[in-house]
Structures are given as C-alpha cells and as structure tokens.
Amino acid sequence: MRINISSVSKAFNGNQILKDLNLSIESGEFITLLGPSGCGKTTTLRCVAGLESPDHGSIAVDGHEFVNAETRTMVPPHKRKVGMVFQSYALWPHMSVAANVAYPLKRRKTPAAELRERVATSLEAVGMGSHAKRYPHELSGGQQQRVALARGLVSAKGVMLFDEPLSNLDAKLRIAMRSEIRRLHDEFGNTSLYVTHDQDEALALSDRVIIMRDGVIEQVGTPSEVQRRPVSRFAADFVGFENILECRGITQESGAPEATFEGGLRTTSSELASRTVPGSFAAFRSSDVVLGETAQPGLAGAGRIRDASFSAEARTVIVDLPGNRSITVAVPDAAINADSYRLGGTSVQLWVPSESLVILDR
Amino acid sequence: MRINISSVSKAFNGNQILKDLNLSIESGEFITLLGPSGCGKTTTLRCVAGLESPDHGSIAVDGHEFVNAETRTMVPPHKRKVGMVFQSYALWPHMSVAANVAYPLKRRKTPAAELRERVATSLEAVGMGSHAKRYPHELSGGQQQRVALARGLVSAKGVMLFDEPLSNLDAKLRIAMRSEIRRLHDEFGNTSLYVTHDQDEALALSDRVIIMRDGVIEQVGTPSEVQRRPVSRFAADFVGFENILECRGITQESGAPEATFEGGLRTTSSELASRTVPGSFAAFRSSDVVLGETAQPGLAGAGRIRDASFSAEARTVIVDLPGNRSITVAVPDAAINADSYRLGGTSVQLWVPSESLVILDR
Amino acid sequence: MLKGWRAFTSNPQWVIAIVCFVCFVGPAAMVVQGAFKTQMFGSSGSYTAEMFWEVLRSTDTHSVIIQTVLMGLATIVLSTFFALLFATIYAKTNTVFRQAIPVIMFIVIATPGLFFAIAWGLLGNQNVGLLNQLMTGAFGEAGRIFNMESWWGIVFVSSLRLIALQFFLLLGPFLAMDRSLDEAARLSGAGPVRTFFQIELPIMAPAITGAMILGFVLFLESFDAPQILGVPAGIFVIPTEIYAYLSNSTGPLFAQASSISVLLMVVLMVLVFIQIKVLGRRSFVTIGGKESRALRRDIGPWRWLFSALVLGFAAVTIILPMVQLIRVSLSPFLGASEGFSFDNYEEVLTNRRMVSGYWNTMGTAMLGALLAVLAATAFAWAARFKGGVLSRFIEYSQWLGLAMPGLILALGVLWLFLGLPFLSTFYGTPVLMVFALFVATIPLASRTATAAMAQIPKSLEEAAWVSGASKYRAIWDIIIRLMLPSLVSGWLLCFVVISGVLSIPLLLSTAGADYLSVQIYSRYVEGKAPIAAAAALLLIASFLVVAGIAYLAGRLLALTRPEQRSGKGPGGGTPADLQDPVGPDPTTESAGPAQQLARSR
Amino acid sequence: DSAQGSGELDLGPLGIQSAQEEELQTLYDAAIESGDTEVTIYAGHHDEFLGIYAAFEERFPGLTVDPQTYVGAELQTTLEAERQSGNHVVDVLSNPNADRYAEQGFAEKYQPATFELPAWIDGRISEDQIADPKGFYHSPWALMFASSYNTNLLDESDLPGSWADLAGEEWAGKLTFMTPSTPGGTMTVSTALLQAGAVDEAWLRSVGANAKIVAQDQLALQSISAGEFAYQPLSATISVLNAKEDGAPVEVQFFDENNVIATEKWMLAANAPSSDAGKLLLNFLFTAEAQELTLESGNFPINQHDSLESPHGWPKLEDAAFVELPAQTVMREKMTEYGDLFKSITAN
Ligand SMILES: Nc1ncnc2c1ncn2[C@@H]1O[C@H](COP(=O)(O)OP(=O)(O)OP(=O)(O)O)[C@@H](O)[C@H]1O
Ligand SMILES: Nc1ncnc2c1ncn2[C@@H]1O[C@H](COP(=O)(O)OP(=O)(O)OP(=O)(O)O)[C@@H](O)[C@H]1O
Ligand SMILES: [Mg+2]
Ligand SMILES: [Mg+2]
C-alpha cells in the first residue's frame, strides 16, 4: 500500500511539532524514521494511525484519503487497517498474553483455528510461547515489549507502524526479532514505517531511511546513502560523522585550487577543492582518519594529541588542531598502537582520504 | 559503599527468579548487569533498592544489613539512600519536569538555592532544560526517559541503580548521557549497578560486568575480560561469539596432539590442543575468521559458502562445514571483496588465529 | 453545512453534550427560573428578583449560610480524613480486619439517613443514651459527656455517612495507582507517610477533590441529621431552611427555596471552578502503563492500631446504631423497653403495599443504577475523547444535578417536563421519576466512573483501535472491562442510594406504584416507627443479599480465570509475601463492595 | 368486578334518609357504570381513616380507595402538575388548608347530600371551618389536640390543671414537644391558644424553657413512651392513642377548658377521574357508620349522631370545652405572625 503524507502539520499547545511534512512511501517499502528524541517520530506514526489528527495537510493510502485537515475528512483508526507497536507497549492489563495477541485477530474476524495457530506461532517467534497465560504485569520489561511486538505483528494488514519495538531487548534477541519483522514484512507485502534509535537496526531493516529533525525531514535515502552521503551537517552528525569542519577559503597559490578548512586542514586534490566553496563543510568519520603523512587525494593536516580522553577501553583519540578545533580519530587497533598515543602532547600528521569525505552545503 | 549480596533467592508465583545470587561490589565500582530479557536483572536491582524482599539471603551495604530474610530484618527503601532510574520511568504525572527532578533533592534537605541550581544543571545535562515546566504526559518517550535519568542522577548518594536508562535514546544522545552518568559516578564516588542491553554501553561505562542467566550469575569480569574471555558457551554466545564448536576428540597422529572440532576444524598448534579436551568448546567471533590458508597457530578448516544470507548491507558470510555445521564469517571489507563471495557454493579454506579463540569447558 | 454535520456525527461529544444539556442544564435552568417567578406553574405570573433578593438579604439566610458552611467544612474535613484513612488501610496495608471495611461502609450507606439520625439521637441522648449510660457506669455523672444534639453531634453523624460514601469513591484510584510511582518516591528518600502525602494524595487529587465537593454538597442538602439533631439544639442550616420555606404555613415558598438552590449552584460552580484551577493541566493518569502493580505494605505494629480503628469504626457506625434500629423494629411502640416481638416484621411482610413497594423499589433502583452507571461511563468516556469546551461541559454539567436538593430537583424536572409540550405527555408515567433519579445519581456514578477511567491510559484504547476495534467496540472490550470492578461498585452505590431516596418518589412516583421509602416514611410520620424500622432493616438485609450475590459472582468469575495467581513460592511467609496478589487488572482494580468482598484472603 | 357491584345496596347502617339513600344509589350506579371505581385520596395522613375506607369499600362493593400521602409542597406541586399535564389522578382532597387549594381551582364545588350544618357551632367554630362558603369543602369531624404523659412517671394527681400550670418551675426538664416553628400540631395549638388569649407569649417562652423541643412529634412521643420525659403538651391525640394501644405507658389528657380543635376538611378534586365514586365517599363520611369509626379512632364528629357515644368516654364535640376556632385565614395569618416567636423558642 502506497502511503502519501502531504504537507502535514501538527502543533501541541502552540508548539509546532510537525512542520509541513511531505513523504511518500511505495507499496511494500520498509521505511525507517531516524531522528533525535522529541523530533516528532511518534507523532508522525500517530498521524498515520489516526490517533492524532493533523492541523493541516492530508494523508492518503492507496489513493484513499485517510485524513485531510482541509476537507475535515477523517477515517477512524479501526477502519484504517493499520497495525502498530506502541512505544509504551500499551498492553491490556486485564488480558493474558495470549489474549492480548489474539485480540486484533478477533477484530479482523480470523477463524478460531487459524487464530489459535497464529497466536501460538507469533508468541513463539518472539520467544514468549511459554508465557502465553501470564498477565502483562507478571512480565519483565523486555518480555512486555515482545508481547507488544507480537500483537503488532499479527495485526499486520497493509500498513505496519513500529515505534521503537526493540529498545528493551538484548542484542541477540534484537537481531533475531529484526529478521522476524523483516520476514513478516516481506511475507505479507506490508508497507512498514519503523521508528528506531538503533542505526544498525535501521540499516539492517530498511529500504529507505528518513532522517527527521524538529518536525521536518532532513534527508531521505537508502541506508547506505544516508550512512555514507549525509546531506547536511545535522544528518552527518546524526549518523556518526564525528568531525565536521567548515571551509574557510579557497586559494590558488600552487596553481591548482586548494581549500582550507577549520583547524588548518587543506585539500590535497584539486578535484576535491573544486567541489568546495567557503562556508561549505567537510565531514568525516573518526575511523576514516589516518595518522601519518600522505600525498593521496584528500584532506591533510597536523595536530597534537590530547591524552585525557583516551581510556583503556576506548579506541578514540582526540587531536587538537590549530585554531582551537579538535577532531576525533579512531585508532585502528587499540591493542597494538595504543601506547604510542597514550601520552598527550605528541604531534601528529593526519589525513582523510577523498572517498571518505563528504562535502556539505548546509 | 560496598554492596554485599549473599545467597539471595526470590520467587514469583512459585517460579524461582533469582537463584542463590552472590555478588559483592566494591565501593566506587561501576557494575553492569548484562543478560537476556527476563533473566532477573530488574528483580536484582529491586531487591537492592528494597522494593522487593528476597525469599532467602541477605543484602548488606557497608556492613549494614539492608535486608536479611532469615532474621527478617528489612530497612525500608527510603532509609537506604539508594537512587534509582526505573525501566518504566515512573515519573510523577502531577508534577512538572522540574518538580520531578527537585523532589529527591528536597527529601535530602538540599538548600533552596543549591536545589534550583542542581535541578537546572541536571536538566541541562540531559538536554531537557527548555522543558522544565512541562508535565510528563506532554513529553515524547525519549524525553520522559531523560527526565527519569535526571531525577535518578540528582538523587545519587552512595548507591545508584540504573535500569536500562538509555534504551529510548538515539545513539548520539546515548553516548553523551553515558559520559554524564560516568562523570557523576566518579564525582560523587557512588557505587553503581547498571542494567543495559547495549554491550557498547556496558563496555564504555563499567568497571566490571556481570552476565546473568536465569537468575544466576554466569560470569563476572572486567569489560574486556567478559568481551574477550567468556567462561561459558552462554556467555560467549551472549557477548557475540557467533561460532561455538564442540571438540570431538584429540588425536596424536602427527606426533603432536591435535584436537578435532565439529565441522572438521582442527588445531594447528599443540599448545592449543593441549588446552582442549573432548566435550570442551572453541568459540570465536565471525570477525576473527580469516578466509584462506595459513600455517599459523589456531584452528583451520574448509567449507563451502552459502550465499543466501549475504545481503547488500551485511558483511557476514555463512560457511557450511562438513557434518551439517556452519559458521559465520565477517568479510573484512564488503565493498572490496564482496563479489567473490556472492555466489554460493564456492569452496574456501578458513582459519582462526589462536589468540582469537576461547576454549570453554561448559 | 455538510462538513459541519460530519464533524458533528464523527465527534460523539456532540450527542453526549446535548444529552447533558437536556438532563442537567434543563432542570437547573427551570429551578433558576423558578427563583424569579411569582407563579410556580403555567404561563401566568411574572418575573421578579424580589424573592431572590429577599432570601439573599435576609439576615436569617446569612447566619444560616455561615453556620452551614462552617459545619459543612468541619464535616467534610472529618469525613475526608477518615475516608482516606480507611481507603489507605484497605488498599495499602496488611491490617487484619481490612476485609471488613467495605462491608461496614456498605451497611452504613444502606442505612436510611432518617434512622441513622434517630439511632444516633438516641445513642447520644443526654438522659437515656446508651453511650452516656456506659460512660456514667464507668466514670459517674461526670462521664455524661455525649450530646448528639449539638453542633459537633451533627457534624459527627453527618460525617459518618459521608465517610462511607467517600471511601468507595476513593478506593478505586487508590488501588489502581501504579506502584512504581510510589517506589520512585521512596527511593528519593521519602518515607511511607511522606510518600502518601506528597505523591499518592496529589496524584489522586481529582478523585479527592471530587469526593470532597460531592461530600460538601451532599451535606448541604442532607436534611435528616440537621433536622433531628439540630432542632433540639436550636441549630438551623441550609437544608432545614429549604425545608422551612417549602413547608411554610401559608403554602410552600417555591421561589425562596429555589433561590437557595440557585445559591447552592453558585457555590458548587465556584468549587468546581477552583478544582479546575487547582488541577491545572497536570495529568493524573499513571502514565507509561508499562508496569503497574499495587503494593500492599507491612506496617508493623501500626496494624494493631489500625485494626482497633476498624473495629471502633464498626462499633460506632454499625453495631451501635444497628442495635438501636433492631431494638426499635422489635418494639411494640417507639420508646418501648419491653414486649419485643417480630410482629412488626410480620406486618411488613404481609402488607400488600409494603411488598409491592419493595419490588417496585428494587426494580427501579436496579434499572436506575444501571442507567446511571452506563451513562456516567459514556459521559466520562466522551469527556476524555477530545479536550475542549465540549468535554468540559460534559464533565461539569453533571454536577448541576447535585446542586439541587431532592425536592427542588423533582420540581425542576416537573417544570421541565410540563413546560415543554411534547414532554408533558410523560407526566404520570415512570419516565419522570426515572429521569429525576438519573439526574440525582449521576454525580455519584460519575465520580466512580471518572476516577476509574482516569486510571486507564489512553494508549490502551488506541491500541485497540489500531487492532481494528471501533470506538464503541474498544469501549466495551477495553474500557468497560477494565472499569468493571468500579462499575459494579458504582452500580451498587447507586442502587443503594436510589433505594433510599425519598423526596423524588414522594413527588414523582406514579399513582398506584408504591415506593418503599415512601411507605417507610409515611409509616413513620403516622406514628408507626417500629414498623418503619422493620421495613428499613429488611431493605438493608436485601441489600446485603444483593451484595452477597455480587460477591459470589465475583468469586465464580475468579475461579473461571484460566490461572490462579495467588499461589505462593516456596518462600511464602517471609516478608516478601506482603505483596498481596492483586487481580489480573491492576491498573484499574477498584472500589466496590462486591469486588472487595470477592478478594478473599 | 364491577358486575358484582351493581344491584341493591344495604344502606341501613348509614342512618340516612331515603332521599339521601337514593342519591347515594344513583352515584353508585353511575360510578359502576363509568368503570371509574377507584377513589384516589390525597391527604396528609390516612392512618385513622383506614377503617372508614374499609367500611366504604364494603358498603359499596366494587369501589376501592387508594390513599396517597401528600401535604405541603408535594401536594401543591402534584396538583399543579396534574392540572398542567391534564393527567388527573386525585378524586378527593383532605387538608386543613382546603380553602387555599380550592381557591387555586383544584377543587370542584360539591356539597354531600348527607352534610348538615349544625346550629351549635355559632360563636365556637367559625362557620367556614366546617362548610366552605363557596361550596367546595365540608368537614365531617374535628380532631382535638390533647396532652400526653407517661403513666409510670406521673399519676393523675400530678397532672397539670391547666395550660398555665405548665409554665411553672416544677415542670422544668419534664416536658418535651415538637418545635412549633414548622407546621404541625404544636404550631396549630400554640397559635390557637395565643390568638384566643388563653396564654401569652411569656407563657410560651417559659414552657419552651421547661421543655426539650424536638424536630418531630414522633420523637417527642418516643421520649414520653420511653420515660425520658414525663409530659408532652400540645400533641395530636391519635398518635398517643395508637401508642397506648400498642402497649406504651401513655395516656391522653384533656384540660377542663381551652382545649384546641381543628377541623378536617374534605372536598372533591377538580376534574376528578372517579368523580361519582369520590362524591359517594364524601357522602359516606357524614353518615353514622363513618362517625362511629371516627369516634373509635379518637376524632370528634361535628354533627354527632344521637345514637353514638365515644368509646373513650369523651364528650360530644358540642359539649367539649375548647377555645374558639377562628377562620382558617385568621389562623394562617397568626401563624405567620408568631413565626419568629416560635423560632426563637426553638432556638434557645
Ligand atoms: N510480579 C511478577 N509475577 C510473576 N513473574 C514475574 C513478576 N515480575 C517478574 N516476573 C518474572 O521474573 C523474571 C525476571 O524478571 P525481571 O523483570 O527481573 O527481568 P529482567 O532481567 O529485568 O528482564 P528485561 O530485560 O526484559 O527487563 C521474568 O521472567 C518475569 O516474567
Ligand atoms: N501531548 C503533548 N503535549 C505537548 N507536547 C507534546 C505532546 N506530545 C508530544 N509532545 C511534544 O512533541 C514533540 C514530538 O514528540 P514525539 O513523541 O513525536 O517525539 P519522538 O520523535 O517520538 O521522540 P522520542 O524518540 O523521544 O520518542 C516532543 O517535543 C514532545 O515534547
Ligand atoms: Mg517517540
Ligand atoms: Mg528489566
């Protein structure tokens, strides 16, 4: 089912939470919403589910208008056939685990035999098969979350909404659940909208990732696009580009153009310099910084190691650059090279290869 | 403050949840509890806080007995001076964000001026400074969690308990919060008991990590010990050793002893073989498997690549070994070598260096 | 136009608001009009504020109002305190006799106010009162200290019944509170007492303030205790004043009585307004809904004190007055000290009008209570469906019914029905009485329903919607189920209250349909108090039977649950065992005699 | 069962003339014919009339009585509501303030054929207390207020000789009565005595100071029966007789003079649904049969049949000593006038 969100706005108590949000999701797509806490992810899901009605704009699924603030159309949630896993679980305390999961199936008039079977298999899938008769308050946090997930999954019918469904699970379980979620998504041909804070999860699951910021969409792209080619400083920072430096000027001194960045870093290739203008930014991950000298295309510079933040476990080094800037560098193998960087004050040369650099306009 | 948990047992409805738990925590230590969902982590914290009373055993802090099931001693929670961040947040709905955070300070008779300041700084620290006047129901999930964290942190006084305090936060925020948590821990000289599902978090924060399983402690150790030297298959599996193979026998064919493992893997060093007995296990991470031949000490074998599970994003390959076993191999750089492994059926040689192997007895 | 209509139909609040308007604003508006009209009925007569000003300016009114307000405050402070105390003892402690509390409260509510006042008048009688006899027995003449016919006597007796009522209103929220809220406070360094006052009480602020307002207004209209105990002491309060206006020797002064009622409405509105302001935009839902288990604490030696308190309360509210009432019912005449027999019971049971009155009462009360509880649920649901003016209106218009003392309310309803041509045909049918009873009981039903609903996180309902349940289906499957214990107890409360209501049936019951409270009352005024007492006791007994059936039903329901969660681990008996296994629906587990009785120990 | 009703009635025991008998027969036939056979009566109390209703039902087979208790505000409201809705229920009204209800159009003019205005009332009872000059209501009997006392606490010799005695100090703490500030026997008696000059304000205050004033006459009677107080002035006779019959140690006392009476006014309601049966009942009230039952219950027929005598040994009304009963309008006026006085007595 194709979801079309157009110019949706929503305010709470006068605070604009969603700001003219536009998004269209292809049928069968698995979309993940990423974004800092409080940026409006849950609110977006709730608008699609019909639990919140937008102040402006409209949402259509397969051309059928779910809600349109202008014409005041509003299809009630239960007619939208949308499945949802709530951030707060929202398990019904008066129903056993099995009854919680069976409920959406009952509402969708599943025959008794099929119902029993689907409840059993979905509880099995989340590893809660042996707890079917318990009540929610007798479960641990992660167990409750898994029941909420099972309930959401069985109600899948067209559109599925997931609000951080795995946040309270351990790594192994999370990975197992991920593939279950994706499997069901593919099996039923659902269109899924997924909120998570775990970028691995986003990458592993989604066809496209959306980065939100303060109620607007910052970037839309495939997981690797988003991961490798952020479009803005915000997006770069959010997906883990620890170092973002502003371009201070372009010089032509040595014939070829050369761009200078904060902290005194300079381009070593004219191709790179030509893509840069003063005021644009270069972003790169700490793991892509190489300590040492080089002549290869990229950014090169020098600095002094600040030792304070180098702890036994961490593999990151902070390098102070001229002009009160510093960058973070991941030392390839802490076990081997660690000692040489242990002492602060050591001067180092560093460079970032061209292909690891992202030049950003904003 | 030294925490001493000795022989604590706890059952719910006849299900034994904590089974003779023994643990002693040094003053000023930061301990993380790791373990699968439902293994009793929350229950352990609750016993320390005095919210649950053990059926057996005792808990003492600095020699002062908090609870002793045998003598029926029980210090009420508010006299324990324990701070806690709840998995379910437990924000007071009738108090504003600021009031929620101020409450523990008030109870500890903080002077008004200091109180105001500490509330402000701790809200600032969790990035909620601008929302101080809101009520909990007007916050997003992550924001609620941050308020809960701020409240827990200001109440720090001796013992701090954290129950998955960062599960609903995004990566950047989580890292920022981590260092805040550790900073306060060090600043106040607290003893902290921390539950998380995020192993990075556990490694980054803790002095020691405890792996729990079904109400018993499986392993206690420093983060790197736990990470590199799990003591059991369960622990190894839990910390991410994807491959665990059982030793099938020791042969002396070529003079030096040689151990054979499931899937036909063999030791290439007698030192390694001497540490192995039939029925023990070799565990190794997928990232430590090297494809190709070698003569270096370690485990060596051969198999056939199963292509099915090789997806665009993932860098892992599954290799089928003889005897219906398979192992997971992380291909060092997917971008470069991926294609050669894309097709299933390719036969490969593989080996695991000795130092990456863990030999387990159980 | 079409758009407007759609918005209208898609928002159930409109329909509910209209219902509220007709049911609550309608009669109230009639009463307001009545205060300014010279002719009570018909189109004749003119409007004037003369009577209203007369009432307002009368120094009598002033002193009576001051007297009433002081007395009301004292009563409400006393009753709220004890109601909270008993609710706490019941919900939060392991006091031995705590299971008895709901039963005691239930009986107190079931005892007709008239007899309660008479019994207390006798018990605390300065000359012959049992209490004073006991005291003089122990301390000589100096021990003759009780005098119910006094300011404090009225406060005391009035508060006893309110304690019981408020107890039930507060119990639901108490039991439903998410215990982690409590725990968080304990870990913040607050002791149990402080936690109670700073966390638990404030979270229950809507329930408590609601119960206080309800109690205050009920005091403002309760007539029996101030009349019977106040007259000998020369104490006059608003209820007796209204009565005086209505029973004026030159004919009832409806306008004046209505004027006082209008004043009452103003007072009530002010109180409700203050409540809104005080509660502000806080939420009182125990948010998150991730975890919620009620915590029952070991209170150590305190539990002996509390047990003693429960016993004392039982003695004061049930044993003493019941002994008195039973004594009267066995007497040949009021004040007899010998010749006791069961003749009066026989008389009641063989009297055609008593028996038919009994069945009429039962039928009406059961149906009326059901209607009230269902409507209150619908109102509470609609009010939270969407915020805004409509929701406020729905929530607060229900209070209006409370601002009118029974007789005035009945009048308002009459005026309303007679004033509208298409409604006047209903006069003489049971419709009017059911309508008036409905309006009168809604505030009570509403307190239970609203408090229970406030505990249900909205997300539970939303989860049902996205599971494919329609709004109404979700009400049934989630809301009603979760509120069921509260609804049953609300129903029982309303049932008992309707059974005892006198003024409305007195005025509105249709000819030929006898009503037990009317029968009892007329026996009493005709000088057959013993027979009246016997009838009242039989009524109370049948309430207990109904509650007992509810109890059994609750037990059966509990048995048919797939799983019994009351099993204890091998370590049972250690301090851990304090955490009483609560029902399967802890978020809303709630008030109610039946439900309370059903929880065996 | 109307079929069983028609036919010849046995009207002998009524002690009426044949013309009256004929009238009654006509009314009866009409009632049976119309099928409206139930007489609904609104009165403040029915207790002492139940015997009369039963006799009526027996005398006129097929007719039934439905007594409903309504006074004051409830009566007023119900009547208004019935009129406005056109849904009429009441057939017969009985109320001390019948004139007021008649004035408002709730009654229909009707003089029972059996009614006769006695000559002796002249100067003793205002005529309008017995027959409405406008023709609406008529009074078949009067009730006489008496005092009551506890026979265990007081001997006949201890009893007060007159109203005046009660103000004496020896009665301090021995008296109890219902507050005169709300309508009831006490209010009526106090007003009658005061307006006739039999007692004065000071007397009332002294008696008030001697007494415990309670909210209801039932409570006063209870105190007397239980022996808490010895003497209850200003009470309704009927209740005392009832209690005595039930075994209470109480007795009625009339004074030699200045007793107080009140008449019971009955009338036909306007638009009575069972008009004929209602008229028949009104006629019945004035017959010898009804008077006998009246005497038995302790009331005093206005026009007592010569053949009848009070079973309690009390004199005929015309021979009794009571203060003059003025017009009801006068009584009402005085009640209002003394209102504050009554209240102040209660409040001290
Ligand atoms: N009140 C209760 N009644 C019955 N069983 C309970 C109760 N509370 C917890 N349990 C069970 O005890 C076990 C341990 O629960 P606990 O909350 O300690 O787990 P946890 O390790 O914190 O798990 P998670 O990571 O999922 O939060 C779980 O299996 C849970 O089902
Ligand atoms: N009922 C409400 N009243 C006022 N503000 C609200 C309300 N609900 C949400 N908000 C605000 O709207 C913003 C977006 O909330 P939303 O729940 O969509 O965030 P989110 O992206 O899901 O965040 P998180 O990752 O923390 O769950 C937040 O800043 C929040 O404070
Ligand atoms: Mg969210
Ligand atoms: Mg947990």
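Here, residue 1 is simply the first one shown, and the rest follow in order.
Every residue, even glycine, has its Cβ placed from backbone N, Cα and C.
Among the features that TrEMBL reports, domain 'ABC transmembrane type-1' is placed at C:65-275 (among others).
The feature domain 'ABC transmembrane type-1' is assigned by TrEMBL to C:358-550 (among others).
The annotation region 'Disordered' is assigned in TrEMBL to C:562-601.
TrEMBL lists C:12-36 (among others) with the feature transmembrane segment. Here the transmembrane segment (C:12-36) has Cβ contacts under 8 Å with residues 47-49, 51-52, 254-255, 258-259, 261-262, 265, 375, 378-379, 382-383, 385-386, 390-391, 393-394, 397-401, 403-404, 408-409, 411-413, 415-416, 419, 435-436, 438-439, 442, 471 of the same chain, all six or more residues outside its ends.
Remote same-chain partners of the transmembrane segment (C:64-91), defined as residues 6 or more beyond its termini with a Cβ less than 8 Å from a stretch Cβ, comprise 98, 101-102, 105, 151-152, 154-156, 158-160, 162-167, 169-171, 174-175, 196, 201, 208, 211-212, 215-216, 219-220, 226, 235-239, 241, 263, 294, 296, 306, 309-310, 313, 596. Residues or ranges marked as transmembrane segment by TrEMBL: C:64-91 (among others).
According to TrEMBL, the transmembrane segment annotation covers C:103-123 (among others).
Annotated transmembrane segment per TrEMBL: C:151-176 (among others), in sequence order. Remote same-chain residues near the transmembrane segment (C:151-176) are listed as 71, 74-76, 78-80, 82-84, 86-88, 90-92, 101-102, 104-106, 108-109, 111, 113, 116-117, 120, 124, 200, 204, 207-208, 210-212, 214-215, 218-219, 222, 225-226, 229-230, 233, 235, 237, 286, 292, 294, 316-317, 444, 447-448, 451-452, 454-455, 485-486, 489, 493, 582, 586-593, 596 (criterion: CB distance under 8 Å, separation of at least six residues from the stretch ends).
The annotation transmembrane segment is assigned in TrEMBL to C:197-220 (among others).
Within its own chain, the transmembrane segment (C:253-274) has Cβ neighbours under 8 Å at 28, 31-32, 34-38, 40, 51-52, 54-56, 61, 65, 213, 216-217, 220-221, 238, 241-242, 245-246, 396, 399-400, 402-405, 407-408, 411, counting only residues six or more beyond its boundaries. The transmembrane segment annotation in TrEMBL covers C:253-274 (among others).
Beyond the ends of the transmembrane segment (C:302-323), by six or more residues, the same chain brings 82, 85-86, 89, 93-98, 100-101, 104, 107-108, 111, 115-116, 119-120, 123, 130-131, 160, 163-164 to within a C-beta distance below 8 angstroms of the stretch. Marked as transmembrane segment by TrEMBL: C:302-323 (among others).
For the transmembrane segment (C:362-384), the list of distant contacts is 12-13, 16-17, 19-20, 391-392, 394-395, 398, 430, 433-434, 437-438, 441-442, 444-446, 448-450, 453, 458, 475, 479-480, 483, 487, 490-496, 498-499, 515, 542: same-chain residues at least six beyond its ends, Cβ to Cβ under 8 Å. Residues or ranges marked as transmembrane segment in TrEMBL: C:362-384 (among others).
The feature transmembrane segment is assigned by TrEMBL to C:396-418 (among others).
Long-range contacts of the transmembrane segment (C:424-445) within the same chain, counting only residues at least 6 positions beyond its ends with a Cβ under 8 Å from a Cβ of the stretch, are 23-24, 27, 165, 214, 217, 364, 367-369, 371-373, 375-376, 379, 398-399, 401-402, 406, 409-410, 413-414, 417-418, 490-491, 493-494, 497-498, 501, 504-505, 508-511, 513. According to TrEMBL, the feature transmembrane segment maps to C:424-445 (among others).
Taken from TrEMBL, the feature transmembrane segment applies to C:490-511 (among others). Residues 106, 109-110, 112-113, 165, 168, 361-362, 364-366, 368-370, 372-373, 376, 405-407, 409-411, 413-414, 428-430, 432-433, 436-437, 440-441, 444-445, 448-449, 452, 517-518, 521, 539, 543, 546-547, 550, 591-594 of the same chain lie 6+ residues outside the transmembrane segment (C:490-511) yet bring a C-beta within less than 8 angstroms of a C-beta in it.
Nonlocal intrachain contacts for the transmembrane segment (C:531-558), taken as residues 6+ away from its ends with a CB within less than 8 angstroms of a stretch CB, comprise 106-107, 110-112, 115, 325-326, 328-330, 344-345, 347-349, 354, 358, 361-362, 488, 492, 495-496, 499-500, 516, 519-521, 523-524, 564, 583, 593-595, 597-598, 600. According to TrEMBL, the feature transmembrane segment maps to C:531-558 (among others).
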What parts of the chain pack near the transmembrane segment (C:396-418), using Cβ distances under 8 Å and only residues at least 6 beyond its ends?
20-21, 23-28, 30-31, 33-34, 41, 213-214, 217-218, 221, 223, 239, 242, 246, 254, 257-258, 261, 264-265, 267-269, 272, 276, 376, 379, 424, 426-427, 432, 435-436, 439-440, 442-443, 446, 501-504, 506-508
Can you tell me which parts of the same chain pack against the transmembrane segment (C:197-220), counting only residues 6+ beyond its ends and a CB-CB cutoff under 8 A?
68, 71-73, 75-76, 79-80, 83-84, 158, 162, 165-166, 169-170, 172-174, 177, 181-182, 185, 190, 238-239, 264, 267-268, 271-272, 275, 278-279, 282, 284, 286, 399, 402-403, 443-444, 447, 450-451, 454
